[in-house]
Amino acid sequence: MKNAYYIGLMSGTSMDGVDAVLVDFSGAQPQLIASHTEAIPSHLLKGLQRLCSPSTDEINRLGRLDRNVGELFALAVNNLLTKCAIAKEEVIAIGSHGQTVRHMPNLEVGFTLQIGDPNTIATETGIDVIADFRRKDIALGGQGAPLVPAFHQQTFAEVGKKRIILNIGGIANITYLPGNSDQVLGFDTGPGNTLVDAWIQQVKSEPFDRDGAWAASGKTDQDLLTQLLSHPYFSLAYPKSTGRELFNQAWLEQQLSPFNHLDEEDIQSTLLDLTCHSIARDMIKLSNEGELYVCGGGAFNGQLMQRLAALLPGYTLNTTSALGVDPKWAEGIAFAWLAMRNHLGLPANLPAVTGASREAVLGGRFSAK
């Protein structure tokens, strides 16, 4: 059977690098051929972080960063192909998520904005690019997120098995696969790694809390946890999605101001519990028991996994590697899949998940010619 190669590009709210994956979709299940992470240079990272907070001269900065991120994504593709020695002519298309700089679907005129110019990626790689996956769903009245549940359904659903796929990046999202004819559901539960990363970066200048070791050295403050969990987002009904617009460093500092007597490691422990409790609450609303499979950066945080297991005694807990998909690359593979769906003219959103009025083919194609 002829190979069906697609490349997926993903940079999430954590902004911890650009993940590039080469995937073969010619078989029954996606096959990961090669993977590569391109580090985000510090000057570009600072520019992106500034752009995520409203300020002046935004349009000029947006235009520059759009090109810069496109160049970085193209570099990730070219390095990926060098690594696996596959010619660009063999790749059908690149699916690029881009870098989200605003996600505000709940305004009167909702919108989402990802940058990373697909024209730049196409011209610098010589491969057609499919990008701008979220805005069609928003145009149809949806949240534009999460988009991965359709991929999870096709890849992980099994009749008779009640499964939840939990993706923990900067933001955490879940996909509920009921194992029967009931609707697949999915939504963002709230912060994933974004607040624990922000706190350790602020206090220790470390990029992330490796294996949750710093959180494990602290003790959760129940009063602070209760206050954090009182954020209105946690009581919203789905479909719902969120991002740095709600859960960011400024919000965190505001929440911490009455708690400046707490030790720094106790705050870290509490922030990790915020992630775990908000996930567990939403999961228990869907079902008290089932199979839980975790992907994304959070899957490699032993302390996070341990706390989740304690909060969810009715669930068996594993990573998506048990289902044949490496948890580190799952989201990149999903965007390669979204590119394939666009190329084949097939819908890729789930209206029950996003709230869109109908299914739709997502993304636009940007030719390399």
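A Cβ is built for glycine as well, from the same backbone N, Cα and C atoms used for every other residue.
Straight from Swiss-Prot, the features:
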- G12, T13, S14, M15, D16, G17, V18, D19: ATP binding site (BINDING)
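Structure with Swiss-Prot features highlighted.
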residue	record	Cβ neighbours (10 Å)
G12	ATP binding site	24
T13	ATP binding site	22
S14	ATP binding site	20
M15	ATP binding site	19
D16	ATP binding site	19
G17	ATP binding site	17
V18	ATP binding site	28
D19	ATP binding site	24
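The residues near the ATP site, meaning same-chain residues not in G12, T13, S14, M15, D16, G17, V18, D19 whose C-beta sits within 8 angstroms of the mean position of the site's C-beta atoms, are M10, S11, I40, G169, G170, in sequence order. When secondary structure is read from DSSP and collapsed to three states, V18 (ATP binding site) falls in the strand class.
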